[in-house]
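Here's the structure, in structure tokens; my notes come after.
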Amino acid sequence: MNPLLLAVDSGNTRVKWGLHDGRNWLMQGVAAQGDRVQLEREWRDLREPSRVVISNVANAGVKGSLSELLAQWKAEPQWITAVPYQCGVRNYYSNPAQLGSDRWAALVAAWVLERQGCLVVDAGTAMTVDALSDTGEFLGGLITPGLDLMQKILVEDLGSLESEGGKFCDYPDSTADALYSGAVHAMAGAIERMAALLAGTLGHMPECILSGGAAQQLQPQLNVNVKVMDNLVLQGLLAIARETSETASGGVVASPEDSIEN
């Protein structure tokens with residue numbers, strides 16, 4: 001029986017997880033951040049993993065709660081942090097460790113998948129737009145409010161605005177639609193401006209690897225080549241786990257294709 005890896009992406013609003021047997025994802029799940037009862041229920045009958053790899057960008061309390069849940073298994077959790085170089089990606093952040101572990105894992109996954117310059121976009125609670133060069137250099141990136149947060153900020157600061165039930169329109173004729181459409185345009189504009197900037201650096205138009213809760217809403221509004229990928233962070237955690245495991249054991253690091261395709 002193949003050893004099992006549990007990968008956990010603990011974000012600001014959701015916890016995503018997947019159990020991998022070295023070839024395929026056997027199970028995947030998602031729970032609202034802080035919903036310990038659901039995670040306990042989903043993990044209660046899970047086959048015991050031999051490794052646990054986690055990206056956590058939530059607070060220390062969340063890390064403590066996850067640690068308590070994971071204590072049911074013998075494997076010591078590996079909490080991922082960004083490093084200067086890993087899996088072919090070079091981190092050019094001025095302070096490499098300051099880069100969020102979720103962004104780092106997503107960059108690793110995108111590089112392993114594409115092996116060329118691309119934009120890596122996670123449209124979650126916040127949206128990140130990160131640039132990869134043709135040689136695997138993380139050049140830098142943007143952070144903006146996400147689709148829901150952008151509208152929430154305006155509603156909270158300008159309390160008379162109504163935001164419920166908004167939808168995207170070419171010419172919005174209600175406040176809710178104007179807020180929603182404005183947020184989509186702002187996010188799409190940030191992505192397209194970064195794509196144009198990166199195209200000038202690379203000499204070719206980069207593909208946009210898009211993930212996150214608002215990916216489906218954004219994709220139709222983008223005038224760039226888009227590839228939507230679910231669970232990009234989990235895929236990056238899988239690649240990182242394989243490299244760190246095989247490097248530690250003195251083995252040959254798994255090929256990029258093997259690390260990402262399943």
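Every residue gets a Cβ built from N, Cα and C, even glycine.
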Same ATP site per Swiss-Prot - residue from T81, T125 joining D9, S10, G11, N12, T13, R14, V15, K16 | T125
Going by Swiss-Prot, G100, S101, D102, R103, T175 bind substrate; tell me which of Y92, Y93 is listed for that site too.
-> Y93
Counting distance between Cα atoms, which of the binding-site residues T13, V15, T125 is nearest Y93 (substrate binding site)?
-> T125
What DSSP gives for D122 (K(+) binding site), in three states, is strand
Give the sequence-ordered set of same-chain residues, not counting D9, S10, G11, N12, T13, R14, V15, K16, T125, with Cβ within 8 Å of the centre of the Cβ atoms defining the ATP site.
-> Q33, V57, A58, G124
